[in-house]
């Protein structure tokens, strides 16, 4: 009896070991697949970070490797947490969200030349939604296709995982370890090793990766901090052109036109030998003309901010959203001091980019946004109507007047034109065909506008930022630059442009700050006419100089 019992015991142990072997193999297989999924996802995110945040400034190779290694560790920890906690449809939904985020970040980085930051995301998402159709037109379909392939691989790996061999407690254990590791790495990096205020080369998104960077930015960049940075940047001024160009009398009627998405090369482009913008092509021969690098880190508002304040935008967030910035010395204020009545026109709402609140503080006599234009039956979204309205008021004005006009019809995705207005391509099928049609429309609108203006009116025309449409011209000598034209009706200003002969004007080395400082200096030094002296005497808010 005892012998039989003793002989049966080893057999039972062997059977138990054999029974457990498939479970161990399944567990090992699951761990390998989960590890592959985590590593694949972490590397995918690393590539996204590298391509959308890498700074233009040269960084030593050793530092690039170290920065990438730190981000990869953070990515592995974050992906481990997600993979351990989420199951089934929730995990696959996170993959899809990742695909959407990837394309959003690629579009933003390629359009603005900088990574999407938390200040922009949190404060300008409404403006982003308003132009989402343009964002869709900017999707890089090669990136999208690669993203779909990566999505398929991740879903395939997730489908191959059998959750049974791993108890819920084990998943929670590894998720806790990974989360603790992530927080420890993030704190050591963003608080101890490289605090956000000590980043001088690259961006927080490059140094930390997006999630840690956005968290650090949310904590660090309150309005007080942004205001301090904005005031420091606003101190920079330029006299580059003022010291070179001859004196320029702006006369009693001035129009400043900020044209949406006007590239420098668009003016010189042709389609089947026909100029895209024949009017501006001729006009620039009678104008002072420049190739200028615009401000475009957070949106179009940087262009009119710099024009109206003669300052460099802060570069982190829409400048008009920084509360407390002083506008009492803005261009409209100076215009009043010089005897002009300043007016602003834009075919969008005053709430867009928070322009109304800022413009109200600058000294404009009147603002014409959509809210003011609609009751007057002016469709401001169409440049021809907006410019005709400005021309009518400018021609009728009995006192010296300055108009600041922002156009909008040529905003991306450049598909707003009616069929009858598509001159160059009646059935456009590509972004550059839509863009060139829009530029032809703008050219007609500007020609009609200037035809209606009184003689001697000074007209400043400049692009707010580059279009991000490439490949439509024979050459792209001035890629990512916008034109600046200073024209005076009835006069040939090109004859007095010293910077053109020296090569500076078209060198591409001039910035928006160089231009706005020059224009402000010319406005301040324009001799007073009898009409402006009379206007200043009758306006108690101006000071006769």
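Backbone N, Cα and C atoms are what each Cβ position is placed from, and that goes for glycine too.
Automatic, uncurated: that is what TrEMBL annotation is.
For the ranges 4-24, 172-192, the feature annotated in TrEMBL as transmembrane segment maps to 172-192. Range 31-52 is the one annotated as transmembrane segment, of 31-52, 207-228 (source: TrEMBL). Outside the transmembrane segment (172-192) by six or more residues, the chain places 70, 73-74, 76-78, 80-81, 84-85, 207-208, 212, 215-216 with a CB less than 8 A from a CB of the stretch. In the predicted model, the domain 'Sulfatase N-terminal' (256-499) has a mean pLDDT of 95.
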